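Here's the structure we're looking at; comments come further down.
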Amino acid sequence: MSDSLNQQTGGLSDNSETQITRRQTAVYVYEAPVRLWHWVTVFSVIVLCVTGFFIGRPLPTMPGEAIDNYLMGYIRFAHFTAGYIVTIGFIGRIYWAFVGNSHSRELFLPKLFSGKFWKEVGHELRWYFFLERVPKKYVGHNPLAQLAMFFFFVIGMTFMIVTGFALYSEGMGHGSWSDQLFGWIIPLFGQSQDVHTWHRLGMWFIIVFIMTHVYVAIREDIMSRQSLISTMVGGWRMFKDDRPD
Amino acid sequence: MSQIETFYEVMRRQGITRRSFLKYCSLTAAALGLGPTFAPRIAHAMETKERTPVIWLHGLECTCCSESFIRSAHPLVKDVVLSMISLDYDDTLMASAGHQAQDILYKTMEKYKGKYILAVEGNPPLNEDGMFCISGGKPFVEKLKYAAKDAAAIIAWGSCASWGCVQAARPNPTQAVPIHKVITDKPIIKVPGCPPIAEVMTGVITYMLTFGKMPELDRQGRPKMFYSQRIHDKCYRRPHFDAGQFVEEWDDEGARKGYCLYKVGCKGPTTYNACSTVRWNEGVSFPIQAGHGCIGCSEDGFWDKGSFYDRLTDIHQFGIESNADEIGTAVAGGVGAAIAGHAAISAIKRAQHKGDQE
């Protein structure tokens, strides 16, 4: 798969004649664990946002006796379980960055010190401001997407996981694993209420990320020169044309 | 008097029977969460150990800690606890005043150099060279540093000494700071609360006397035995929280039924204290039991965390007073509008250039 990619890019620099003859339409980008992780994360984050919202702003009071109800308990259980799943998935995803293909590292390592990277970020920005007629082709994430994924998703998720388990440690108690690993977060922010507030802001940060992410994915799927949404389902990147770059 | 009296001797002298004394010991053991086997050990310590000299300073504060302390629920407290710790200097409680009182402070410090416990109620204001709190003709901060120099251990009574409390709330004109900002070379036990629970105060002292060491402290320097759990974790209204039954308005049916006060801003879920277990006034009640949410008085900066009646509290950094959800919906709304606009332009552009490409 990565061979076919090399063929393509290698072919580009030769001459225009070979490009036209070589049809390169699909590249395997997202390996099965990455795709699985993506959709598990999608599901868990939706659960986390919905349940988290109702933990901060509970639903209207339940009628009947306390013994017959356990709504808040179920909501919190769902939140904590989804939190565990998302965290384990995230750790697994980091592991996959080491053993997976080169695209599995894009999320974590944007090439911030490369001039070419920033030039292409500029190109992407111009594309989004309608100043470029034709977008560039990318097998993996484009540089702007890499930046966004790193700063919104990787940083955002890390923040939510760390603050989330710091809050979780409050219920687990002193000496619990989450207290030992993340308990120090609470005095760092001031006190528990501050961590709650920041965790809440983090939720909105993630929601804004999701909105942008989904919009851009749909838009690129329609307007760019490669497939987006189907790629995260099947793993193959389809290109819509055979022109270079 | 060559030797200071033991606690037991003092108690007996005060007319306390041995039976009451032993009751006190087992009660203290229970309060400290030590189990019944520790009652004899406490009794033994009380019978054999010399009273520990305590110097109690008052800085910028309201004396609510002292008020709480002298109401410690156990019947022996008035006579015993004050006597047993040999409270040598406390300008609020002592009979002497002026130079006489100052003299006692100096003498105690000299006599028990490196042995006395320094209990600090209130905190030092640092602005204008500490002129906002003058004690004995000098800024309190100087007195505090002076008394801390030879102390064995330091107890920070209340939220003032521990965190800063109301006098350190924004904008903190006197620049009041918690004592750990001024005393950096001594172990400090924080006993926060506004005021702390009386039994917690006496419990901390009793622990130190019994075991001759400081109680185990958490990351922020609070004794774990009283501050390791949130009010919420041991609240008797917790089942209503788990069931999703809340007081929505102060005069609704839920309030009458004693539902959870979470939605009306109870800070129990973010407050570490023993109110829901030890309670107040001889275990009679505590704020939540009285129908009002916890205001989080034992937490750092509780005055600056927005309304006592909101679950999601205000974030001042944003200039206007708004909470995380208001900020979040505003940002998400803005981004949503931007996306809609962008999508519209994208569609128009695409329509314009349809057929241009290849």
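Note: Cβ is positioned from N, Cα and C throughout, glycine not excepted.
Here TrEMBL flags B:Cys62, B:Cys65, B:Cys160, B:Cys194 as [4Fe-4S] cluster 1 binding site. Close to B:Cys160 ([4Fe-4S] cluster 1 binding site) in the fold, though at least 6 residues off in sequence, lie B:Gly59, B:Leu60, B:Glu61, B:Cys65, B:Glu121, B:Gly122, B:Asn123, B:Val166, B:Gln167, B:Ala168, B:Ala176, B:Pro178, B:Cys194, each with a CB less than 8 Å from its CB.
For B:Cys260 ([4Fe-4S] cluster 2 binding site), the same-chain residues that are 6 or more apart in sequence and have a Cβ closer than 8 Å to its Cβ are B:Cys235, B:Arg237, B:Arg238, B:His240, B:Phe241, B:Gln245, B:Phe246, B:Val247, B:Cys266. Per TrEMBL, the feature [4Fe-4S] cluster 2 binding site maps to B:His232, B:Cys235, B:Cys260, B:Cys266.
Under the DSSP three-state reduction, B:Cys294 ([3Fe-4S] cluster binding site) is assigned to coil, being neither helix nor strand. Positions annotated as [3Fe-4S] cluster binding site by TrEMBL: B:Cys275, B:Cys294, B:Cys297.
Annotated domain 'NADH:ubiquinone oxidoreductase-like 20kDa subunit' per TrEMBL: B:62-207, in sequence order.
Marked as domain 'Cytochrome-c3 hydrogenase C-terminal' by TrEMBL: B:227-308. In this model, the domain 'Cytochrome-c3 hydrogenase C-terminal' (B:227-308) carries an average pLDDT of 93.
Proximity of distant same-chain residues to the transmembrane segment (B:21-39), defined by a Cβ-Cβ separation under 8 Å and at least 6 residues beyond the stretch ends, is recorded for 8, 11-12, 46, 74, 76, 80, 199, 202-203, 206-207, 210, 225, 278. Feature annotation from TrEMBL assigns transmembrane segment to B:21-39.
Comparing C-alpha positions, B:Cys62 ([4Fe-4S] cluster 1 binding site) sits nearest to B:Cys297 among the binding-site residues B:His232, B:Cys275, B:Cys294, B:Cys297. For the pair B:His232 ([4Fe-4S] cluster 2 binding site) and B:Cys294 ([3Fe-4S] cluster binding site), the Cα-Cα distance reads 9 Å. Counted within 10 Å of its Cβ, the other Cβ atoms near B:Cys294 ([3Fe-4S] cluster binding site) come to 27, all protein chains included. Counting residues per DSSP class in helix, strand and coil order gives 63 helix, 25 strand, 58 coil for the domain 'NADH:ubiquinone oxidoreductase-like 20kDa subunit' (B:62-207).
When the binding-site residues B:Cys62, B:Cys194, B:Cys235, B:Cys266, B:Cys275 are scored by other C-beta atoms within 10 Å, B:Cys266 scores highest. Shown are the binding-site residues B:Cys65, B:Cys297; of these, the residue with the fewest other Cβ atoms within 10 Å is B:Cys297. Sitting within 8 Å of the Cβ centre of B:Cys275, B:Cys294, B:Cys297, and not among those site residues for [3Fe-4S] cluster, are the Cβ atoms of B:Gly193, B:Ile231, B:Lys267, B:Gly268, B:Thr271, B:Asn273, B:Phe286, B:Pro287, B:Ile288, B:Ile295, B:Gly296, B:Ser298. For B:His232 ([4Fe-4S] cluster 2 binding site), the Cβ neighbour count at a 10 Å cut-off comes to 24, with all displayed protein chains included. Surrounding the centroid of the Cβ atoms of B:His232, B:Cys235, B:Cys260, B:Cys266, where the record places [4Fe-4S] cluster 2, the chain contributes additional residues within 8 Å, namely B:Ile231, B:Arg237, B:Arg238, B:Phe241, B:Leu261, B:Tyr262, B:Gly268, B:Pro269, B:Ile288, B:Gly293, B:Cys294.
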